[in-house]
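Q: Have a look at the structure that comes next, please.
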Amino acid sequence: MVRESNIIQIIGETEYARLRKIRCLLVGAGGIGSELLKDLILMNFGEISVVDLDTIDLSNLNRQFLFRQKDIKKSKSSVAVKAVEHCNNSKLQAYQGNIMDTKEFPLHWFDQFDILFNALDNLAARRYVNKISQFLKKPLIESGTAGFDGYIQPIIPGQSECFDCTSKETPKTYPVCTIRSTPSQPVHCVVWAKDFLFNQLFNDLSEGEGQEGETSKDWGSDDVDEIKRIQEESQELKELQDIVRSGDMKRVTRMLEKLFVEDIAKLLKIENLWKNGRTKPVALAKENLEGEYDETLLLSVDQVGTLEEQIAEFINSSKRLMKRLIGAEANAQGIEFDKDDEDTLRFVSSASNIRSLIFGIPVQSIFDIKKIAGNIIPAVASTNGIIAGLSSLISLRVLQLLPETKDKGVLDINMAFTSKASNISNDRYLSNPKLARPNCKCVVCSRVLRGVVKMSDDGLKEITLGGLVEELRGKYDFPEDISLMDTQDQRLLIDYDFDDLQGKTLGEMGLKEGSVLLFSDEMDEDQIRKPIELYLSMGQERLVLPDLPAEYIEGQTPVREEEEPSEISANADANDGVIILDDDLPEDNQLGDKRPLDSGDDADRKRVKIGDNDDGDDDDDNDDVIELD
Amino acid sequence: MNNENKLSSDEIALYDRQIRLWGMAAQARMRSTQVLLIGIGAIGQEIAKNIVLSGIGQLTLLDDRILTEEDLGSQFFVSKNEVSMKRLEAAGPRIADLNPRVTLHVDTDKLRAKNDEYFSKFDLIVGTELIPADASWLNDATRRLNIPLYITGSNGLSAYCFIDLIQFDSQDTKLQSQIPTKLGKVSKNRTITNIEIKEDSNNNDKKQEIITTRHIYKSFSELLKTFTFEGLHRRQIKRMSNMVPLTLALLTIPEELNNEQLTIDQLKEYTLKVCNQGGLLKDILRDESIEQMVRQRNIEFSPVAAIMGGAVAQDVINILGKKQSPLNNFIVFDGITLDMPIYEL
């Protein structure tokens, strides 16, 4: 008996020989990724490349079992690959990088793999790899966990639903007025403290008046007085910004007076707000502000402090932040909220709790506020183990390596999500619906044709936009009226009444490896050609266009306008008023619809944040990142 | 929670992501528990990994086997140069290294050398890859000592787990729906014995129900003697994975037949008996499945071990800490369809 004997018993000699040649891409070496790497090497897959951008954090160690205390701050992918050396029989390669970086990972790089495994923690990267899988027609095993919930979804391009065929949970947003005038839940106060107060005081150091861009926001109220007051309040923050930047510690109590006495009094004057029996806020009393406070107080993280303690925490953390702000380097950039930065967390926690006490809302411990403010998703080893096991197991069916299911089609393959642990069912541990056909309305896989254009550097320098359009029209037999768009920035390059740029070369237009062009039929007909999305991939040949079928769709349905909802955090400016939070897990148990957005796989680093684009410890630098959509 | 049981700030930081799932009190409770895990093969290693990471107090691993080449294909915590050492000597140190806060004991005795005094130290026992006779013998002891027991194993692409918590009261909290939950029997082995209504602190309009459910269990030998699938919906019986009767057949087949020489016909004979006893339709049985089970009998496979090992560990952690509704009392996993039904047999 040898190492291979078990797997050979299961898949057979011939399939085992194929398995040894399979090249896997594993995107993510966090919670699911660690487990998946273990499973894939024990199964003896030929080659596994692991990509992760992150470094190891203490809070990873409860589940990311390839990492130890001594590995903290090191690259996840390379530590993971080293940690499996003792039992590895596959060719392994570790990359520390962002999978969406087209310089490091151009499209042709993905072409070397036979199968892609997503073990990701954020929607943007999931969508990106899904698109790559669609462009290259590579099978993708998508997966995710959040707490006890988890799912896997095998995606076979053209044959089964893609990641974007079903709509994803949209993040929770709160109207401005709820946050600024009428909070009723702890989360409202946390959002106020973090996105409004903290940001304005310590992070946004641009000079001048209140920065609220006051147009087109979700106010959640049409009370003129209320909106006017919110706008005034933003202007008045200037005074507090000056205090913070003055470094004059004696003026900290003035902040308390402004925020928790004066602003509340002004709010109470807007009578409409308190008409419907809504509990009125009670401003802090004078003695609260003037009393002695404990200058050394540090609440323990699981403690729910008294008002006095919250005030002491507020004053102490404000002072520490002010000191840091005086420090030369911080002054230029301000201080970003980071859930793992004690001072910022304690400031937000105490400010939020004081506001809660004023509005009669339950006070929370620092531990609980950290979860809301840092958008932490619970995560545990066992769920990740189960989901990674399912993901690696189903790959055998996707790659047609299981003799028992050789003659079964793609739509006989199962996806799976947790059922018992998610309190959906008492008589099944997993739900396992069969894969569905692609959704014909999906703008990612069905409403558009996809292909890869190969082009050399010379081609880029010589071919003009007009020349390219002629080539495309000829190759795909498109009519006279067309449009060509650069999807990266939704920039129109050419259409039937805009030809100013047709003499420019593709290079001059800034097109390069990873650019995605959308070529559309703009005729005013009932039936028009299905739009074609073309990925620009640099190679040796001057210009090679892909062979694509001629498909038609009904006219007058502008495809691009129906684009999936804009990227969750992309537009969520901290000052934007609409505050975004990830919602709790979906509670419905509709087959196939239960897709928690996040994965327990280091969910803390996800990019969907309250207001902020980033959660501070995410070292993901997006400079070179091109999003396909 | 008294002070001795309070978590340190280091522990809160390390266990942060799971405390958010089951709370500080459950995390602290787990720290004072002792678990015995018998058999440290593929499933055993998965269970060990998950419960050591979770931060239980003490884990004892009991396994007397020698590491083989074959083990390398499904067990993560061992290495080629350790073949022919005691399996536990190879895997033990790597498992211990997962979490220095957990006290790990390794014991290379035979299971049958142990007695009630030994077992009585533990709050919970998990037996993996046991032959049915050993499982029954162990279960007799855990019943005498009133200790929760999990018995789990795998056969290639399929795996199973038997659970005997003797009697267990679980508490689940859920949002009250239109139709309030009622007291009384909810299934063969479960009865709702108490419902407490609580205001939802975050939402004044809604009420929460704290539901106490009493779970009763059967011993391993009693289950094998008396199991029946009566009460299942016809569709559930029609669609039942072949792995369910086949697994039960492997557990009931006489020991002298349950070896390398087991034939397809022999397994079929016992599977038909299972169908007969359980009230299952004989025509669901497919020859390919019987052939698959004979070929893959007792074979370990890492993804399957990860799935069943994850499910068992999760339930163990749950009953040691949080006390939500546990598994009751027999699960089978079918690795081809990903079917994983839970039966109250």
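Cβ coordinates are placed from backbone N, Cα and C, and glycine is handled just like the others.
Taken from TrEMBL, the feature domain 'THIF-type NAD/FAD binding fold' covers A:8-441. Among the features that TrEMBL reports, ATP binding site is placed at A:28-33, A:Asp52, A:60-63, A:Lys76, A:121-126. The Zn(2+) binding site annotation in TrEMBL covers A:Cys162, A:Cys165, A:Cys442, A:Cys445. Look at TrEMBL and you will find A:591-612 tagged as compositional bias 'Basic and acidic residues'. If you look up TrEMBL, you'll see A:613-629 marked as compositional bias 'Acidic residues'.
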Q: Count, for each of the binding-site residues A:Ala124, A:Cys165, A:Cys442, the other C-beta atoms lying within 10 angstroms of its own C-beta, and report the residue with the smallest count.
A: A:Cys442
Q: What residues, ordered by sequence, lie under 8 A Cβ-to-Cβ from A:Asp52 (ATP binding site) and sit at least six positions away in the same chain?
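A: Listed in sequence order: A:Val27, A:Gly28, A:Ala29, A:Gly30, A:Gly33, A:Ser75, A:Lys76, A:Ser77, A:Ala80, A:Tyr95, A:Gln96.
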Q: Helix, strand or coil: which one is A:Gly28 (ATP binding site) in, per DSSP?
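A: DSSP call for A:Gly28 (ATP binding site): coil, neither helix nor strand.
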Q: What Cα-Cα separation, expressed in whole Å, is found between A:Asn62 (ATP binding site) and A:Cys165 (Zn(2+) binding site)?
A: 34
Q: By the criterion CB under 8 A from chain B, which of the binding-site residues A:Asn62, A:Ala124, A:Cys165, A:Cys442 would you report?
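A: From A:Asn62, A:Ala124, A:Cys165, A:Cys442, flagged as close to B: A:Asn62.
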Q: To the nearest whole angstrom, state the Cα distance for the pair A:Cys165 (Zn(2+) binding site) and A:Gly31 (ATP binding site).
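A: Rounded to a whole number, the Cα-Cα distance is 25 Å.
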Q: Between A:Asp121 (ATP binding site) and A:Cys445 (Zn(2+) binding site), find the distance joining the two CA atoms and give it rounded to the nearest Å.
A: 22
Q: Have a look around A:Cys162 (Zn(2+) binding site) and count the other CB atoms within 10 A of its CB, chains all included.
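A: So the Cβ neighbour count for A:Cys162 (Zn(2+) binding site) comes to 24.
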Q: Rounded to the nearest angstrom, how far is the Cα of A:Ala124 (ATP binding site) from the Cα of A:Cys445 (Zn(2+) binding site)?
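A: Counting only the Cα atoms, the answer is 16 Å.
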Q: Whole-number Å only: compute the distance from the Cα of A:Cys442 (Zn(2+) binding site) to the Cα of A:Gly31 (ATP binding site).
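A: So the alpha carbons of A:Cys442 (Zn(2+) binding site) and A:Gly31 (ATP binding site) sit roughly 30 Å from each other.
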Q: Write out, in the order they occur in the sequence, the residues of the chain not among A:Cys162, A:Cys165, A:Cys442, A:Cys445 that have a C-beta within 8 Å of the mean position of the C-beta atoms of the recorded Zn(2+) site.
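A: Surrounding the site, in chain order, are A:Gln134, A:Glu161, A:Phe163, A:Asp164, A:Pro438, A:Asn439, A:Val444, A:Ser446.
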Q: Could you tally the C-beta atoms, other than its own, that fall within 10 angstroms of the C-beta of A:Asn62 (ATP binding site)?
A: 22
Q: Sort A:Ala124 (ATP binding site) into helix, strand or coil using the DSSP assignment.
A: helix
